[in-house]
Amino acid sequence: MHTGNNWGGSFEINHGEGELVTTSGEYDRSRTSEWDGAALYHHHQHLDETQQSWLLGPQEKKKTKYVDFGCIVISHKALKWILGSIVLAFCVIGLPIIIANSLPKHKSPPITPDNYSVALHKALLFFNAQKSGKLPKNNGIPWRGDSGLNDGNDTDVKGGLAGGYYDAGDNIKFHFPMSYSMTLLSWSVIEYPDKYKNINEYNHARDLIKWGTDYLLLTFNSSATKINKIYCQVGGHQNGSQAPDDHNCWQKPEEIDYPRPTLTCQSGPDLAGEMAAALAAASIVFRDDNVYSTKLIKGAQTLFAFARDNGKRMAYSRPYPADIAPYYNSTGYYDEYMWGAAWLFYATGNNSYLSLATNPGIPKNAKAFYMIPDLSVPSWNNKLPSAMLLLTRLRLFLNPGYPYEDMLQMYHNVTGLNMCSYLHNFHVFNWTNGGLIMLSRGGPQDLQYVANAAFLASLFVDYLNASGVPGWYCGNNYISSDILRSFATSQMDYILGNNPMNMSYVVGYGNKFPRHVHHRGASTPNDHKFYSCQGGWKWFNTNNANPNNITGAMVGGPDQFDKFSDLRNLYNNTEPTMAGNAGLVAALVSLTTTAGNGIDKNTIFTAVPPLYPQTPPSPPPWKP
């Protein structure tokens, strides 16, 4: 049978000679005579392969050669591919790396921290120096040790009230300003977490907050939903008393050997409201720890219920005219209602707290809209400007509308006017010739109020920037937000040394700072000798500088003439406080640009449900 020829014609294979024959059987010599030898040779070779593949079956394959490495056997071909790939990878990847590493290195210089971040590192250390209780090994203050381990042994608290913070240069634990300080620290961490992280202070700040909130949870029955008392102070001094106590003795806290009574408050909406704010704010900071955050929220709710109890609405300081009132007297509690309710709303998303914070009776009783200049000054005693700014945040970013809008708009307007009052050209407050605003109105320790106001001003600017608003109105005057930021920076620059004394009022910052700080622990040598209640006074009276620098402490500051006396006995000038340093920390982190700009806009709203404006009530029917 003939097979088809793909090149034209047909042919058959002669099994004897492999010659081509025509279909008639004749040998075609004319065609072969036209081929040369090489062509003929290849033709025969082609036919042999064709015979083998078409007629004789598949050709026997050559055996593949392998290389035995003992643990693995691999073919020659695969080995060649692998070796070739390695050589190619080396040329493409390895060789350029070797060349690059051999070239001279030009490292980009590290980001230089600005003055505010440098001061911030130091300001946080003040809180380490103020810790009471059994200190962690990494506390970082070599001249401090365990202290106050017997605090609260006169209470029903199992294990006592060890822990917390000493307030200032004495060894008293005032729970009212301590709570306010924890609220401010938490607020600053909530607004500026990335800044704290980028300068490696985030975990440090959280540790400081937790040290405070762990202690506050001990001061009341935090496992209950209803309480009838709060331990409101540990230690103290009664005016006129000569007995050994925290004012009559000059001893570092590690050597306290006199009784430290615990004061109990059966009422105190101001104290309970501030403590509730502190725990609620901290619950947002620790939202990544659900168990602890939930514990804080529960404690805050219990405290706020105590604060709102109609039968317990007497200022916490009123029963203690000699122990508390001379130092941290409270002048009202409706500002704490607004402040605590705002923080509980952010922590829980429960609208009942927002309804209370925007209840017209709250600002009315707090005189929030009277535009009294003193009420625009934020402090441990006056939460109005802070609370209204915190609620203005809600209006700017979530705009919940009815039924909250009218009151939130009022808070927003008053917040703007408070900011106006800080500006020099509106002459609401006096200023020193050196450029310091006198928010204390000539009173002592002005810097703590200045630092708090600088924080609120800087934060308000960040709120405006985050909402795309370039400024606000002071009456008919449009004020750019840059002007308000300049106020904040000018005040912090004054505190850090840009003042007529050329002195930094933050210990350890700059080359010139107070060396005779009114502080028992800092002024007493860490020489492992015991100094008695009266024996320690020699360290108070010495003209020598303190043997221990209490790094980061912001002292009380200068007078209205920009004069400052670095004398240990002038406590209004040289004594630091927790509330002052909390404001300092918050202001510094808001102003530093080392780690970026702006706030964390959304974290505070994590627990807040969607707020859709409700339908307002229908108007009354028309009567002709």
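Glycine too: its Cβ is placed from the backbone N, Cα and C atoms.
The annotation active site is assigned in TrEMBL to HIS518 (among others). Long-range C-beta contacts of HIS518 (active site), restricted to its own chain and to partners at least six residues apart, with a cutoff below 8 Å, comprise ALA168, GLY169, VAL555, ARG568, ASN569, LEU570, TYR571, THR574, GLU575.
Marked as active site by TrEMBL: ASP566 (among others).
In the shown protein chains, 22 other C-beta atoms lie within 10 A of the C-beta of GLU575 (active site). Taken from TrEMBL, the feature active site applies to GLU575 (among others).
For 116-588, the entry in TrEMBL reads domain 'Glycoside hydrolase family 9'.
The transmembrane segment annotation in TrEMBL covers 81-103.
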Protein Cβ atoms within 10 Å of ASP566 (active site), excluding its own: 17
